[in-house]
Amino acid sequence: MLTLNKTDLIPASFILNGVPGLEDTQLWISFPFCSMYVVAMVGNCGLLYLIHYEDALHKPMYYFLAMLSFTDLVMCSSTIPKALCIFWFHLKDIGFDECLVQMFFTHTFTGMESGVLMLMALDRYVAICYPLRYSTILTNPVIAKVGTATFLRGVLLIIPFTFLTKLLPYCRGNILPHTYCDHMSVAKLSCGNVKVNAIYGLMVALLIWGFDILCITNSYTMILRAVVSLSSADARQKAFNTCTAHICAIVFSYTPAFFSFFSHRFGEHIIPPSCHIIVANIYLLLPPTMNPIVYGVKTKQIRDCVIRILSGSKDTKSYSM
């Protein structure tokens, strides 16, 4: 009788097929993807440079924005370059271990994106509800600790994805109808029981996004109460304006995330696979692309710094708000 070792059921590599059903148009799809990726790289690197270089931006709000920019850079860079290689050069192979690494980085930093947005909501809550204590509550050590905790939360919750995926037997081929290695997309190629993978994936989603959304909702509920109680219309308008960019970032992040998550689990037979794959990529591209634009347009301090640098002002380091 022929017996198979466990290693015989683990493929050496997967073949990423890109966007299923749209193979003939993938070259055209690559242009908006590439454009968004370039904007994301330039915008987020520019924000990181500004926050590091400008003394005026050495404040808690901008430290959290730097965390968001770094997270966005890693999040989109973990998938989009490979997707462009698939679209342009038909380089579809990805090693099994390389696939697990991509899976780890993608899911870890999407979780961290949500965590940083939650921290930014808490930052706005402290700034509006406790303005006199803002700098004493959100000190540099506190910011470093909560940022590290958010990163470790993602790492510790996502590491089991790689082990659960590696333990599965794969006897349904190695062709993956996707542009990157998503946890459940890879697990569905297995001929084993993926119930544990599905349940754990749902638990992680609830622990990360459920907790973060609850904190964001509570923060903005208290912000709304504080703002409404202000006697001056100008003060209310100014307080709301400080939250506009963050609210836009939340919308850009959570809208495609929820669509991708629920369509993958509950709308598989309703929503075309091509639509799901495109949204899954937009989910990783839209926040990194739009966040620098929104914060650049809505935040006066960042606009002023950019204008002074572009105008060649030599007094950028000494400028204070």
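Glycine too: its Cβ is placed from the backbone N, Cα and C atoms.
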Recorded membrane side (Swiss-Prot) equal for VAL19 and SER263: yes
102-122, 165-185 - the range that Swiss-Prot marks as transmembrane segment: 102-122
Cβ-Cβ under 8 Å with the transmembrane segment (102-122): same-chain residues at least 6 beyond its ends: 61, 64-65, 67-68, 71-72, 74-75, 78-79, 82, 94, 146-147, 150-151, 153-155, 157-159, 161-162, 165, 180-183, 186, 204, 208-209, 211-212, 215-216, 219-220, 246, 249-250, 253-254, 257, 283-284, 287
Secondary structure tally of the topological domain 'Cytoplasmic' (220-239) (DSSP, helix then strand then coil): 16 helix, 0 strand, 4 coil
The transmembrane segment (277-297) in contact with the transmembrane segment (28-48), cutoff 8 A, at least 3 CB pairs, sep 6+: yes
Beyond the flanks of the topological domain 'Cytoplasmic' (123-141) by at least 6 residues, Cβ under 8 Å: 60-61, 63-64, 219-220, 222-223, 226-227, 239, 242-243, 246
Most crowded position, judged by CB atoms within 10 A, among CYS99, CYS191 as disulfide-bonded residues: CYS99
The topological domain 'Extracellular' (261-276) - residue tally per DSSP class, helix then strand then coil: 10 helix, 0 strand, 6 coil
